[in-house]
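Here's what TrEMBL has on this protein:
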{"type": "DOMAIN", "residues": "B:19-220", "note": "domain 'MacB-like periplasmic core'"}
{"type": "DOMAIN", "residues": "B:258-373", "note": "domain 'ABC3 transporter permease C-terminal'"}
{"type": "TRANSMEM", "residues": "B:20-39", "note": "transmembrane segment"}
{"type": "TRANSMEM", "residues": "B:252-276", "note": "transmembrane segment"}
{"type": "TRANSMEM", "residues": "B:296-325", "note": "transmembrane segment"}
{"type": "TRANSMEM", "residues": "B:345-366", "note": "transmembrane segment"}
Amino acid sequence: MALVEVRGLKKAFKKGGETVTPLDGVDLDIYEGDSVSMMGPSGTGKSTLLNAVAGIDPPDAGTITVAGTEITSMSRTKLADWRAEHLGYIFQTHNLVPVLTAYENVELPTLLASLSRSERRERVELALEAVGLTDRADHLPRQMSGGQEQRVGIARAIVMNPTLVVADEPTGSLDAATSAQIQDLLVRLNEELGMTLLMVTHDSEVAQLAGRRLQLDGGQLIELNEPHAAMPSPTSGVLAA
Amino acid sequence: MFKFLPYVFKGLWRHGMRTFLTAGGAAVALFVFCFVASVQEGLNRLTDGGDADRTLIVFQENRFCPTSSRLPEDYARTIREVPGVRDVMPVQVWTNNCRASLDIVVFNGADPQQLRENRGLTLTSGDWSAFENRRDAAVVGASLARRRGLSAGDTFSIGDLSVQVAGVFTSPVAAEENVAFTSLEFLQYTRGLDSAGLVTMHEAYLTPEADPDTVARGIDDALRAGPVATTTRRKGAFQASTLSDLVDLIGFAHWLGFACVGLVLALVATTTVMAVQDRVKEHAVLQTLGVRPGRVFGLVVCESLLICLIGGVIGTAAATAVLAFGGLAVGAEGVTIAFRPSLSLAATAAGVSAGVGLFAGVIPAWHAARTNIVAALNAA
């Protein structure tokens, strides 16, 4: 059974008096441990699909089921709870809270769970270690480079060991060298930590890192390669539950 | 929610100047609010206090200023015979200013023994024997002593009056702490008053079962045949009537207090709206991470509440300190209203701060909680 099942997803919106339909009955299955990239020209609806799967942009029609839970009919509050428990979101522009340190930014999602202070600390330290930023824990975002900020954003996304990690152009705002570091990190997330990853990218090099590559065109998804076998779920490693 | 408090505090700290100015504005407004409310409370204490209904003031008919009321001292004998009267204390009043003033000095000349029996004064320094045995001695109310820097043993001179301070007293009636008491004879023979055998008024103390209005009519009827006609009223009514001009002003100032509350509301609401507008994206990020809309609402309201409470507490504390140590009073025609801090006033001010803070934050918080996450994330 697929971890993420998207069925008949539709989304349309008005743009300059014209109705645009970026998602027109999209079907998609993502299996546990998959690494999936979505490519396509700007405005084709890649981010719309990603945000719908992330539960922050409700579709007009269709269903999305993640780990057996249908999220399309949930209220905003239930969706927030679901995201806190199951989803890690990596933003293009990291979106760290500027007045919080790296440690405090990564700690934010753990505040939503019933964890003791020591449990929270353990998780945050593991996540920062996983992205190689233990020594920057006390730094504010403005005291870090763009790449470091993005790594903090990734640590924040994985700190609760989510069911699914989604990334919207995770290297879109970085230079080539920093982008390579982030690409390595994303590969590690999937291959070493076994996290299921769905990412949107313009960068074909980044897209090549994923086991499955999809293209969204004319409101429909096209598989660019044969999906590989689902990876086993993590039973060990720094972020295993 | 408490786990997010550091986030709230840091949110306030990030715009330190804005937070400081808003809290400062709230502090000033609550300072004024407390002042206005303390004047209102002082007036209420004066007109509704325990002795306001159980003491009658016998004054010369159609006279208002103490200097113009001149009643024979021996009216006391006639008044004492009216049924319902327990005791009568002739009082000579001297004031440095018959008009409304913030630094009014009032002397009441009365028999020291009757003063002790009827006024419930407590000496905090000095002793009664010095007051009773020395003709030019005076006991001074604590507020007046504070305002004029007086203590036992000092000489206090004002106009033609010069007294030795025999003690400083507190009173259950706050306004009396703005008064100095001397012996009756001393004031009667003071240069310029020329009041031998005359007094400004008589204070009639009632028996527990007496009806004040019936006794007041009885007194005026009994004195109708005398050389000077009288008007007798309850003490509270007499003081309210004497201060009628000020009462109107205080009523107007009451609206000033409400205006201050409105000012704080507008100020804090503006700051909160600005804070929310600055952080539309941040609130969307929080919701993407799994923070419930209700919690985002709570975080914004919490910021608004904290700003208002910080300002409110500072303003209230400053007002309380000034009211407690300033010895301020406003008065007219020998009657004073004491500005006093009180626990109920401080609690009201804190409650107003909290209420305004909550109210000011509701609409911005609602917008923050209901924001379209994707649109906010895509905002520049």
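Just so it is clear, glycine is given a Cβ too, placed from its N, Cα and C backbone atoms.
Remote same-chain residues near the transmembrane segment (B:252-276) are listed as 11, 15, 18-19, 22, 25-26, 29-30, 32-33, 36-37, 39-40, 283, 300, 303-304, 307-308, 311-312, 352-353, 356-357, 359-361, 363-365, 367-368 (criterion: CB distance under 8 Å, separation of at least six residues from the stretch ends). Remote same-chain partners of the transmembrane segment (B:345-366), defined as residues 6 or more beyond its termini with a Cβ less than 8 Å from a stretch Cβ, comprise 26, 30, 33-34, 37-38, 41, 261, 264-265, 268-269, 272-273, 275-276, 296-309, 311-313, 315-316, 319-320. Looking only at the domain 'MacB-like periplasmic core' (B:19-220), the predicted model's pLDDT averages out at 88.
The domain 'ABC3 transporter permease C-terminal' (B:258-373): residue composition by secondary structure is 94 helix, 8 strand, 14 coil, according to DSSP.
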